[in-house]
Each structure stands twice: as C-alpha cells, then as structure tokens.
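Here's the structure, in structure tokens; my notes come after.
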C-alpha cells in the first residue's frame, strides 16, 4: 500500500533525505506537515532545461578525458588513474540527469516505475560520493607530489589499484541508505507518484535528519578538510622556495590551480550542504519557520544543479590545463589543433623537483 506524501517529499528529493509522510508519526516536527506549498511553473520549467545543459556539457568534456586515458600508451601514472576514475564517476552521475529532468518536467511524477526509482536514485548518490572522494584523492596525491617529489616519482600504478577499489567501496556504502529506502509514493494533492526516500513512519524525522547530516559530513566537511589542508600545505611549501623567472611563473600557476580546486569544490557544493543542514535542523524541530522551509524546498533543486556543475569543471581543473594536453589530443585524433596553441615555453624550462612533479601531475 502506498503512503501519501507531501510536496517536501519531492522538492528535496534527488539527493537529500526526504520525504515526509502525511501520517501520524511519533518524534516528528509537526510544523513541517503544515507548511505544504506547490512549486511554481517557472520553477519547474527552468530546472529541466538547466539539467539537460549540464548533462550535454559535462558528458562531452568527461568523454574526452576517458578517451585520452584509453588512448594513452605505456604505463599509466597514479594521477592519471585517479583522473580517469573521477571522469567515470562524473559520467555515470551525469548519465542520470535526463531522467531527473523528465521527473521535474512532469511535475515530480515518476514515470519509470519503483525499480528504476531505486536503481537510479542509488546510482546518482553512489557516483556523487565517488566523484567527491576522488577529488579528495587527487588533492592528497597532488600534495604528496609537491611535498615529497622524490618519493612520488617512485610511485607505481599498483598503488592506485588499492585506493581506487577502496574509494568505490566507500561510495557504495555511503549510498546504501538510498538503495534501501528509495521508492515510489503517492502525493495525492499534487496527483503524482513521486520517487522518494520512504523512511519508517515511526522514526521518520530521525532518519531524515540523520541522512542529511551524513551527507554533510561524508560529502562535504571531511573532503573539504582534506582538500583545504592539502592546498595550504602546498602553498606553504612552494612559497618557502626561492623561485625566479620561469620557475616562479610555474610556481604561481601551480598555486592558482590548487586554489581553483578548493574554490570550485566550495562554490559547487556549499549551497547544497547548507540547505541540507537547514533541512536536518527543520526535522529536529530547531527551525520552526514555514518561510525558511519554503526557501529550502524551492532552492534545493538549484543547489543540487550547482553541485552537478562540479562534474563539468573537473576536467578543466585536472586534465585540460596540462602542458601536454594539446599533444595528447593530437595523438588521439592525429590532426593539428591550432585553437589550443598558446605560449607553452614557460612550462618547458628546467624546474625544481617539486614544481616539475606538480606540473606533470596535471598534464
């Protein structure tokens, strides 16, 4: 028997811990159930267009990354293996966007059945975590390349063979709640069957708040600590070195790229996790304002969309900026790519060990 769900079950749905049930449930914040509101037509018309746009751009740039890796001859670097897995995770995440765009186009009416709801909901969550975890691995690997250049030069690809399965396993474990609870439920006053998180009614608020906080901790706080720590470690180390001329230019480029990784992660994911945290506070009864809850419900789809743009940005941060990117494309397509030509001479000078290792890491 399908339970009846309210609008909050849909607006926070794709990666957050909704919905809530219109039943008498112990331990819930009763105010939440009195704050029902319908989404505007403009709101629901804009979201699918933006989702398809992110899908097209992100899929294209990540396909290039995967193609470059597959066409690369000889042994693969540890950093290249991480970049490849990051691109795969982003591709799989982006591949689900057309379904969610359709979901919004039909006003939160899920047309693909309960099995697809569970599978694609879990698939999205799994690859979202995998993408974030691999970004964290890239930051740690980059830190090691700069701080311990001689040790990092002796890294073998087999070392990544341990890290990569571990990351995917962690992502799978993080998505287990979604796989277990994701299901189709009816929202009567909207006249739709929504793909939602069907938590146990008697512990609904606790589950909703707990899953939201888990996403905050595993998907943002812990990765940000690692990413930011690695950046400041790299910055401190490189600023201590006496670099002149072209070496100084390279050092500044490295620092800018390291800073760009941190800023991109914060800009893309902070809004979603702030709203998710506010959502958890509303379930715990700490936030008791219908206006705040309305903002959460209406803003979350756009915050999730902003998080997805990180999958479009990643190839530019980790692959396309390398000084051998043009060479790799030429090797793959065997045609000159004149539009990528630029001043590369600053990257060809003899560098210090840490700068040289850092430069090849993103190439």
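Think of each number as a place in line: the chain as shown, counted from 1.
Cβ from N, Cα, C; glycine included.
Remember, predicted model here, so these are calculated numbers, not experimental data.
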Next item on the list: Taking Swiss-Prot at its word that 103, 104, 182, 204, 215, 297 bind angiotensin II, choose the one of 90, 279 listed for that site.
Entry: 279
Next item on the list: Determine from Swiss-Prot whether residue 292 and residue 80 lie on identical sides of the membrane.
Entry: no
Item checked: 11-36, 115-140 - the one Swiss-Prot records as transmembrane segment -> 115-140
Check: Swiss-Prot lists transmembrane segment for one of the ranges 234-257, 258-281; which is that range?
Finding: 258-281
Check: If you count Cβ atoms within 10 Å of each one, which of the disulfide-bonded residues 117, 195 comes out on top?
Finding: 195
Notebook entry, point to check: Is the transmembrane segment (295-320) close to the transmembrane segment (115-140), in the sense of at least 3 CB pairs under 8 angstroms with a sequence gap of 6 or more?
Noted result: yes
Checklist line | Cα separation, residue 215 (angiotensin II binding site) to residue 195 (disulfide bond) (Å, whole number) | finding: 19
Check: Quick one: Cα separation, residue 103 (angiotensin II binding site) versus residue 290 (disulfide bond), in Å?
Finding: 25
Notebook entry, point to check: If you run the three-state DSSP split on residue 215 (angiotensin II binding site), which class comes out?
Noted result: helix
Margin query: Please give the maximum pairwise Cα distance, in Å and rounded to a whole number, for the angiotensin II-binding set 103, 104, 182, 204, 215, 279, 297.
Written below: 25
